[in-house]
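Quick one: the structure is below, and I'll ask about it shortly.
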Amino acid sequence: MASSVGNVADSTEPTKRMLSFQGLAELAHREYQAGDFEAAERHCMQLWRQEPDNTGVLLLLSSIHFQCRRLDRSAHFSTLAIKQNPLLAEAYSNLGNVYKERGQLQEAIEHYRHALRLKPDFIDGYINLAAALVAAGDMEGAVQAYVSALQYNPDLYCVRSDLGNLLKALGRLEEAKACYLKAIETQPNFAVAWSNLGCVFNAQGEIWLAIHHFEKAVTLDPNFLDAYINLGNVLKEARIFDRAVAAYLRALSLSPNHAVVHGNLACVYYEQGLIDLAIDTYRRAIELQPHFPDAYCNLANALKEKGSVAEAEDCYNTALRLCPTHADSLNNLANIKREQGNIEEAVRLYRKALEVFPEFAAAHSNLASVLQQQGKLQEALMHYKEAIRISPTFADAYSNMGNTLKEMQDVQGALQCYTRAIQINPAFADAHSNLASIHKDSGNIPEAIASYRTALKLKPDFPDAYCNLAHCLQIVCDWTDYDERMKKLVSIVADQLEKNRLPSVHPHHSMLYPLSHGFRKAIAERHGNLCLDKINVLHKPPYEHPKDLKLSDGRLRVGYVSSDFGNHPTSHLMQSIPGMHNPDKFEVFCYALSPDDGTNFRVKVMAEANHFIDLSQIPCNGKAADRIHQDGIHILVNMNGYTKGARNELFALRPAPIQAMWLGYPGTSGALFMDYIITDQETSPAEVAEQYSEKLAYMPHTFFIGDHANMFPHLKKKAVIDFKSNGHIYDNRIVLNGIDLKAFLDSLPDVKIVKMKCPDGGDNADSSNTALNMPVIPMNTIAEAVIEMINRGQIQITINGFSISNGLATTQINNKAATGEEVPRTIIVTTRSQYGLPEDAIVYCNFNQLYKIDPSTLQMWANILKRVPNSVLWLLRFPAVGEPNIQQYAQNMGLPQNRIIFSPVAPKEEHVRRGQLADVCLDTPLCNGHTTGMDVLWAGTPMVTMPGETLASRVAASQLTCLGCLELIAKNRQEYEDIAVKLGTDLEYLKKIRGKVWKQRISSPLFNTKQYTMELERLYLQMWEHYAAGNKPDHMIKPVEVTESA
């Protein structure tokens, strides 16, 4: 605030006394300017006693008393000056200063304005008026006051800088910038303007320009404390920590007891990972300023990082005692409560932080994250959007919102969020990892691998990224450093389990790695506990369950829960089961977790179940569970486990008295809320029951089932063309299938019936033989027409009124037949030439996804191919990017590239049908073909397997045991190779085994859905009777076998 000291008026006394008076006046002025107010007052009083009416002396006395905060005395002398000269603008201005200091702003403003009316070019008056208007909240008026001052003197660089400050405060950054630049133009060495300009650039996000201007300010004024602090702050934000430390240390050399600078310096130490130094520096800041909530909050952050959570919690609470509305402390304390599992308190604190500070982006994001974990996705999304609205460059919020959108199945939205997060912060490892997960789920594996590698480069200790990268590399069969990778992955899981953290390996992937059974079970258990955490916040009381069947008219109500009622392998397996239950004893409910996909698979289940409920329309797990409970379900069946689309929270709420795992997930749930796992003796031997959290409930033959007889009845029979006419009949070179096959064959001349002998499916497979009749079409004009259709790539021809179609063209003829939704109505021709398979070689095949192959499996297959020289291995491009890796590893093992033939993934019907062309299927021991095993067996192709220790590695053995083909089950690697080699070199033996599989698929229980349903019903009744008797779940490993006529 400018005080006007005035000029000493001319004296009428003689010259000698006048000189003495003038000299004393100048001395008083100099003392005033130097801040020696005591001496200035003493000399002024001498002057006043000599000339009591001298307005210059009166103004100087007014200013001296004002500086000494003797406001009444200051006002007194200003008033005396006005009495002497009512037009003295400076006196009114000085009086205005007194009023302003007393808080009487309107009186101050009136006096300043009066001074300016008296003296329109009074610069100090404008400056004082501007300050008073700012204090009164009239910012625009203050701007005009500064502008008026500058109109009278454009070279007032200090005033122009002050105007810039005001414009900056109003958010008018470009105008502020212009002011500072003009001030610098007027006075290039004006350090304050350089510093202020740096603040503008910082506010505009021009970090490097800000740094440059702050550095210029401290160069011009090496003792400019605020500029050093500003420089340190912007360097801290730019993460240039060493230079930030230097700036703060220089500031402390100028002001050693500056608590805020100590606090900021501690923040830099914290970011540098110098936690102990940060803690010490925060403590120094608190020592200097005990009522410093920011320092307590930041100290708590450092203590938490060090693991001193209890002490950190105390510090947050201290900060809140000092300032109950300290939003950062509320937010950070909420984070601790969340990590402690006290979710309700965390939510309360986040909401309190937002109540205090609605524009708190981090609190919005954190609250959203908790809401997402609770399954409240829409509310979470709302808070993420708020966080981003408040802070458009909040990369974490974008990344986390992407996670929510991903969970809501909005893949494009999630992709955009992750991409934006990375644009904002290219070094954001979590966002790269999240982006990778979207690519992975979308099947863009190379992009996923690249993003995971970027994440790990940015953050080497990143278990989630490492384990997901390992899975991606498994998918494409990239086995570089395979053994080392497996060791590291196991050690990551061990460390996470020891620290009670959620493992980075997903339960569904755990079967692929050399983990112990205990680890696999613990991984599943952690995921089960997550479901419990989500439902705990609902505060739902336990459901009461019936102990009898009175309310259901004596019928057992079974509820099947799945996200896969549609075009999905699970429906391909079980779609007929709901409609085959005995309606007198069972009432069937199917609960869909996914919307209608418009396929016949969905239509069939909807039509044949007694009740079909689309729970995808009830996103709230509590309400969905209520619906299940209201339906009075006795046995609730989980067909998802931890596969995509699961809602295990429904089971965690226990809406049914008995809950069982079945079919859709190849492992234990690890969850206390699942009572049984429906399995069989071969898949889950009783001696490994400890692998499962559930009790084992055995089916008498196999827990696996396939609806192939219903979906693909046209493959029950086949005919072949004797294309070589050399007396050797091949059953899998040119194959014809069709519902009308017999009628078509009857219309042809010269069709021969060849009897193929095959062993029975008893315990002793070689004890007796039965004959199978296989129609053979000789090479004639009709056969030639069929072969010409294939060679020319024609879609379809007509022979004797029958439509004969090219097996590669099913999607063009009838797409629903291609997907397995309808039975093809044409005669379909399938040939080895369609897939580039050699006519005169043994074809081994495997139609699994490539992730099921590991180095030891490929080595076994290479050994087999070497021992069977005239043989090839037929695999799928599943995915295509895995093909070059497999080929390269095979070449390293001594196999030429032409020994492995890849085909694209095919529609379901073609996929099953073309399996007839292979001679032998080689199963993957790591994780068997489950649905694909059923597919290849329905095609009549023998499958060699070697059961391991996991459920996923024993399913094929269970299928083969049910089929009666024990000779195809190996006990070890050598036996696996020997069985495959015998099939490839002993063609008579191969023919017998192929005949056996062809026969047994019809006569064994493996594809008998009616018998399977009856056995499943018997198991359900066992479970119910056990429960109704008041017993806890127990193993049911003595299944009651039933026959179809039972």
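Glycine is no exception: its Cβ is also placed from the backbone N, Cα and C atoms.
These came from Swiss-Prot, pasted as-is:
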- Ser3: O-linked glycosylation site (CARBOHYD)
- Ser3: phosphoserine (MOD_RES)
- Ser4: O-linked glycosylation site (CARBOHYD)
- Ser4: phosphoserine (MOD_RES)
- Ser20: phosphoserine (MOD_RES)
- 21-54: repeat 'TPR 1' (REPEAT)
- 123-156: repeat 'TPR 3' (REPEAT)
- 157-190: repeat 'TPR 4' (REPEAT)
- 225-258: repeat 'TPR 6' (REPEAT)
- 395-428: repeat 'TPR 11' (REPEAT)
- Ser399: O-linked glycosylation site (CARBOHYD)
- 429-462: repeat 'TPR 12' (REPEAT)
When you measure from the Cβ of Ser399 (O-linked glycosylation site), which residues in the chain that are at least 6 apart have a Cβ under 8 Å away?
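Long-range Cβ contacts: Cys417, Tyr418, Ala421, Phe428, Asp430, Ala431, Asn434.
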So if I exclude everything within five residues of the ends of the repeat 'TPR 4' (157-190), which remaining residues of that chain have a CB under 8 angstroms from its CBs? That is, six or more out.
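Residues 123, 126-127, 130, 134, 139, 142-143, 146-147, 149-150, 196-197, 199-201, 203-204, 220 contact the repeat 'TPR 4' (157-190) from elsewhere in the chain.
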CB neighbours of Ser20 (phosphoserine) within 10 A?
13
Roughly where does the repeat 'TPR 12' (429-462) sit in mean pLDDT, to the nearest integer?
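So the average pLDDT across the repeat 'TPR 12' (429-462) works out to 97.
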Going by DSSP, how much of the repeat 'TPR 1' (21-54) is helix, how much is strand and how much is coil, in residues?
27 helix, 0 strand, 7 coil
Helix, strand or coil by DSSP: which one applies to Ser20 (phosphoserine)?
helix
Could you tell me how many residues in the repeat 'TPR 6' (225-258) are helical, how many are strand and how many are coil under DSSP?
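Once the DSSP states are binned, the repeat 'TPR 6' (225-258) shows 27 helix, 0 strand, 7 coil.
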